[in-house]
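Visitor: From TrEMBL, for reference:
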BINDING   Thr63, Ile226  pyruvate binding site
ACT_SITE  Tyr154  active site, proton donor/acceptor
ACT_SITE  Lys184  active site, schiff-base intermediate with substrate
Amino acid sequence: MDDRWRFYESQDPRQVPFNVRGLMPPVFTPFNEDLTVNYGAIHAYAEYLADAGIKSVLVGGTTGEHMTLSVADRKDVIDAWLEVSACKGLHIQVQVGGAPLADVLELARYCQERFVHSLLTLPDLYFKPSNVEELVFYVSQVAQAAPRIPVLYYHIPHMTKVEVSMSEFVTAATASIPNFKGLKFTSNDLSEAAQVQRALKDGQVLFLGAETLLAPAALLGIKSSIGTSFNLFPKLAQEILKAVEKNEVEKARILQEKLSLAVEAHTCEGPWVPALKAGMEIVSGIKVGPPALPQRPLSAEAKQRLQSKLESLGVANLKENFANMCI
């Protein structure tokens, strides 16, 4: 029996540890031009993030477009990231939601079999939970499918339209789901985020999902975040948190403004994932390809405008040695 399996077998679900904190980029799924997954890109991508000081990544989130992939492809992408995690020391969190519940549970079980480090799940996207009890029930089904892995909830109400009190949900989930360890909170409502933060217990964490609020959230004690822009600007985001930690408020404000303007440069040119995928190559030189259908890539004109804006902000071509890498 594999030593890791012995560890899992001995784990009490009530004592599943989750110590991940700080910045966690939700990674893009690299696609070839024919929209097949470019698995060969993942090693260099992981190396780029690790070299920038990143310790954990989210696979399969909104940024990763896993809702557009088959279960088989999702498993293969998970395996590819697990393969690089060993040599790069990356914590791999996998988002398993965005599919029929049977597929979600299959993915959760697969993640436990493959020793994924933690799980994140969306709610059901069609039969949407309408109250705290229904949401807790759904998340509990996922958690029971992988009882020896930390499980977090993915709160992104502008996409899911699931709008229940997150502080009440956290309290109820904590009481009934042994391996529940927190949530990704993708909302600009810092008042609610602060309420959630107060509801969390030791060993649980709130990951902010709004990188344009990184500095003000950190001032509220919310110092962990999952943000797409951390793929492009990992060091800038780290510097924001360092400035807050040192109580250098004006420096944090200036750096936050720079990150916010960089994000705005993308959103002015197109939808979130297509725009940030284009920006990834401009900033880092790493090619993550086009978005999956039904989303479409930015036009050549939009890409040129985006590059000009990023150059004017001084954030283009931050990783010169990756600029000509074909992956």
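Cβ atoms here come from the backbone N, Cα and C positions, even for glycine.
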Visitor: Note down the number of other Cβ atoms within 10 Å of the Cβ of the residue listed as 'active site, proton donor/acceptor', including every protein chain shown.
Guide: 27
Visitor: Within 10 Å of each Cβ, count the other Cβ atoms, then let me know which of the recorded positions Thr63, Lys184, Ile226 comes out lowest.
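Guide: Among the recorded positions Thr63, Lys184, Ile226, the lowest count of other Cβ atoms within 10 Å belongs to Thr63.
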Visitor: How many Å lie between the Cα of Tyr154 (active site, proton donor/acceptor) and the Cα of Lys184 (active site, schiff-base intermediate with substrate)?
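Guide: Answer for this pair: 5 Å between alpha carbons.
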Visitor: How big is the Cα-to-Cα gap, in Å, between Thr63 (pyruvate binding site) and the residue listed as 'active site, schiff-base intermediate with substrate'?
Guide: 13
